[in-house]
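**Q** One structure, as structure tokens, below. Some questions next.
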Amino acid sequence: MFDQEKIQQATRLLLEAIGEDPQREGLLDTPARVARMYEEICGGMQQDAAEHLSTTFEASEAGMVVERDIPFYSLCEHHLLPFFGRAHIAYLPSGRVAGLSKLARTVEVFARRLQLQERLSAQVADALMEHLGAKGVIVMMEAEHMCMSMRGVCKPGTQTVTLVKRGAFEQDPALVDEFFRMVGQR
Ligand SMILES: [Zn+2]
């Protein structure tokens, strides 16, 4: 499980390694704060998307369900820096739908851990396919990566966009067009 003490030790080492004094007043509580922060922002590792998607409701007439502009924050596994943006999700139910907040919860489960944006998008799509038995799922994510904004190529504002299609969305371009129309309406 989550090792608070180890994060505190690592934070003290990091402070020393960059030439700081971990004993100076402003930094005394920093290791404990950082440990609590990592437990929160990596909290998705202790969760299972199935918990959120196990309660479904009968909706035999339901067409495409779209949730757009779901904000998310994640951590790039290459630099341990945040990437953040918005997710747009649609699925085609096969008779049963999830509660409205559950798509956002599913995004949180996978975003709150070390990630690649491509894998995050795929994990959300696969969880909805598996646990909702959806006929098709599409997940689009737009995000800014701090490892590109504040270091390296230093290009703030660049948006990385990923698109993952499963099931009916892979076979039917008209469904994908409809998704883009619905996501594009603002
Ligand atoms: Zn990175």
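The backbone N, Cα and C atoms fix where each Cβ goes, glycine too.
Because TrEMBL annotations are produced automatically, they should be read as predictions rather than curated entries.
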**Q** Suppose a student reads TrEMBL and sees Cys76, His79 listed for Zn(2+). Which of Cys42, Cys147 should they find annotated at that same site?
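**A** The record-listed residue among the candidates is Cys147.
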**Q** According to DSSP, which of helix, strand or coil covers Cys76 (Zn(2+) binding site)?
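**A** Once the DSSP labels are grouped into three classes, Cys76 (Zn(2+) binding site) ends up as strand.
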**Q** Around the Zn(2+) site (Cys76, His79, Cys147), what further same-chain residues have their C-beta within 8 angstroms of the site's C-beta centre?
**A** Leu75, Glu77, His78, Leu80, Leu81, Phe83, His145, Met146, Met148, Arg151
**Q** Give the sequence-ordered list of residues that share a chain with Cys76 (Zn(2+) binding site), lie 6 or more positions from it, and have CB atoms under 8 Å from its CB.
**A** Pro82, Phe83, Leu114, Gln115, Leu116, His145, Met146, Cys147
**Q** As a test of the contact definition, list every same-chain residue at least 6 positions from His79 (Zn(2+) binding site) whose Cβ is closer than 8 Å to its Cβ.
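**A** Sequence-distant Cβ neighbours: Met146, Cys147, Arg151.
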